[in-house]
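Visitor: The structure under discussion is supplied below as structure tokens; questions concerning it will follow.
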Amino acid sequence: MYTLIIPAAGQGKRMGAGKNKLFLLIDEVPIIVHTLRAFEKDKACKSIIMAINEEERPYFEELMQKYQIEKHVQFIQGGAERQDSVYNALQYASGVEYVLVHDGARPFVTNKVIRDVLTAAEKYGASICAVPVKDTVKKVEQGVVVETVERSQLNAVQTPQGFSVSLLLEAHRSAKQSCFLGTDDASLVERVGKQVGVVEGSYYNIKVTTPEDLLIAESFLRVQKK
């Protein structure tokens, strides 16, 4: 069993929607509802903790009722950064040995990816899902190519990411003490010298970040319905 943590306090400035991007609609259903439904199907998911902006609590609670989200969702105060939100949520992750941390704006995560991440977390203590990078990657400085990066070893990391609660707490506390801000939770675990397992993600498991992503998400959903 695991608890799902969703840091949902961000404002999604790159989307330019003027509101939390998780409230934007894909096929007339909010992004966050699509995401929650993916985990509703997983019996191993004991509960869900969402770190939110307190002023958005009434709307989140309304969505839970309107779309009949049956799993228990606990809303807690988010932090200034995503990392702070996850740390806050960890304080409430009781009665389970493992947590999965997932971006609320990844509505197309599959049950297979969820299960694989959990299995790897149970094996290694920490795990991520990722897909091989398909584009050529170049290092650029001041508008000029400095280096072409070897692509064969590069992976684009997604969520969910899985952790033992004790390990992730240790990693977050260490980062907090050193004022270290990581790009994801796995980077905090790497920083304390622990191994992170990797499983195959999915190219459909996109993060809806820009208006273009929203169009792609609409297309994905149409394909799924066929």
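Here the Cβ of each residue, glycine as well, is placed from N, Cα and C on the backbone.
Take a look at what Swiss-Prot says about it:
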SITE      ARG14  site 'Transition state stabilizer'
SITE      LYS21  site 'Transition state stabilizer'
SITE      ARG151  site 'Positions MEP for the nucleophilic attack'
SITE      LYS207  site 'Positions MEP for the nucleophilic attack'
Visitor: Kindly assign LYS21 (site 'Transition state stabilizer') to one of the three DSSP-derived states: helix, strand or coil.
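Guide: For LYS21 (site 'Transition state stabilizer') - judged by DSSP and reduced to three states - the answer is helix.
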Visitor: Excluding near sequence neighbours, so keeping only residues 6 or more apart in the same chain, what lies with its CB under 8 A of LYS207 (site 'Positions MEP for the nucleophilic attack')?
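Guide: Result: ASP103, ALA105, ARG106, GLN158, ASP213.
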Visitor: By a simple count of other Cβ atoms within 10 Å, which of LYS21, ARG151, the recorded sites in the record, is least packed?
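Guide: Fewest other Cβ atoms within 10 Å, among the recorded sites LYS21, ARG151, is found for ARG151.
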Visitor: May I ask for the distance between LYS21 (site 'Transition state stabilizer') and ARG151 (site 'Positions MEP for the nucleophilic attack'), taken between their Cα atoms and rounded to an integer number of Å?
Guide: 31
Visitor: Indicate whether ARG151 (site 'Positions MEP for the nucleophilic attack') is helix, strand or coil by DSSP.
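Guide: DSSP call for ARG151 (site 'Positions MEP for the nucleophilic attack'): coil, neither helix nor strand.
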